[in-house]
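**Student:** Look at TrEMBL and you will find 72-227 tagged as domain 'EamA'. According to TrEMBL, the region 'Disordered' annotation covers 26-49. Marked as transmembrane segment by TrEMBL: 71-92, 104-122, 155-173, 185-204, 211-229, 235-257, 269-293, 305-323, 330-350, 362-379.
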Amino acid sequence: MKKHSARVAPLSACNSPVLTLTKVEGEDRSRENVVGTTDAQSAGAAGAESGSSRRRLHCCIRVTAVQVRKALWGVAMVMCVCSSWAGSTQLAKLTFKQFDAPFTLTWFATTWNCLFFPLYYIGHLCKSPERQTARQRLRECCRFFGDDGLTPKVFFTKVAPFGLLWILTNYLYLQALRKINTTDVSALFCCNKAFVFLLSWIVLRDRFMGVRIVAAILAIAGIVMMTYADGFHSHSVIGIALVVASASMSALYKVLFKMVLGSAKFGEAALFLSIVGSTNFVFVSFVPVMLYFTHVEYIESLRDIPWAYLCGVAALLFAFNVLVNFGIAITYPTLISLGIVLSVPVNAMVDLYTCEIHFNSVRLIAVFIICLGFLMLLLPEDWDQCIIQLSQKLRKRDEPAEGSGEAGAGTGLNWRGRARTSMSTYAL
């Protein structure tokens, strides 16, 4: 685990968006370059103050431009993540009206994961200056599983269990859609972030944070209130239990991935997801066949299967997983997570106009506190220190301005020199 932890933090407990496997490759290298540049500028600042000021201004402008670009990409990413997640949920709900086969839909959508590594390799050929053959790239990515690569022992101990958790997460989510409306399902699934924190706190010994405990309590309270909103009817209770179980499987998937495999680069994550899709196609294909012949998920003719809906759900889920797992290459992970929680009001608006749903006060409060808990879990670990430092900086910025104004009125000193001195003190 230590071997990979310095490279990529896939599904890291609460510091990454839901279902995220990766972070930007070469991030540590870029940070080292920034530190080296800062040290060089500091060494030459004593001899050339004006030159260093220009360089500092140019650096600030460049950093601001990068942040603005990532923020703009983030806005687009939020819209895409929200659309793909809400769209797949709504389309799955429509699919069950014509083809009531949640496991077959799960198997079909999971099989599309086979496309991850081929698409990654195409991107590698287009972007990477050192192009490798498919076999060379495959061997290099297989080192993620150990020095011996992907052996049968590694496959059955480190890959197959995650494939099972993946299938269970999606199957339970789709089963819940058959019982309750999409608004409740999407809101309750946001609780997986709280479950990730609780499991990582217990299993991975992550840092204890009071705000995240409060968020977990809010998530649990939201589940109870959501159950109470429908009067504890058996149909709704089963649906809520299914989506909570799906969120739990998702959280277990993330924490176990972090504990067993540790971390992965983009290529390694793409290979892992492709293996999950291939394993699903090879070893799980008999289950939909059995369900068909036992009339559990039966349809009279293959022509009656809504292939457009099935392909639409699979394509939207595939796009969602691509955006969530690899979108952090161009924007901030927090913005990607916002796309997930924003799918809740989108589903609510669709349900309001397409189905008979009663948004009573209890349901609205439950949805609100679950989403609030999800947003609280996105706060960084040092969020309280950041607020304190920001308030201190704002206070220091106001105090020198008042002091320089009084001194200038009494003595007629140069305000420019006083402002420069105060800014130097503020920077330190």
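Our numbering is plain: 1 for the first residue shown, then up by one each step along the chain.
Yeah, the Cβs are placed from backbone N, Cα and C, and that goes for glycine too.
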**Student:** For the transmembrane segment (362-379), I need the partner stretch with the highest count of C-beta pairs below 8 angstroms, choosing only from 71-92, 185-204, 269-293.
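**Tutor:** Per the Cβ count, the answer is 185-204.
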**Student:** Is it the case that the transmembrane segment (185-204) and the transmembrane segment (211-229) touch, counting contact as three or more CB pairs under 8 Å in which the residues of each pair are 6 or more positions apart?
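**Tutor:** They do touch: at least three Cβ pairs between the two stretches lie under 8 Å.
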**Student:** Do any residues of this chain, six or more beyond the ends of the transmembrane segment (211-229), have a C-beta under 8 angstroms from a C-beta of it, and if so which?
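**Tutor:** Contacts of the transmembrane segment (211-229) (Cβ under 8 Å, skipping residues fewer than 6 from its ends): 14, 184, 187-188, 190-191, 193-195, 197-198, 201, 236-237, 240, 244, 360, 362-363, 365-367, 369-370, 372-374, 376-377, 379, 383-384.
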**Student:** With CB pairs under 8 Å as the measure, which of the listed stretches 104-122, 269-293, 330-350 comes out on top against the transmembrane segment (71-92)?
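**Tutor:** Result: 330-350.
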**Student:** Hey, which bits of the same chain come close to the transmembrane segment (330-350), Cβ under 8 Å, at least six residues off its ends?
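**Tutor:** That would be 15-18, 20, 23, 70-71, 73-75, 77-83, 85-86, 89-90, 182-183, 185-187, 190, 193, 323-324, 359, 367, 371, 374-375, 378.
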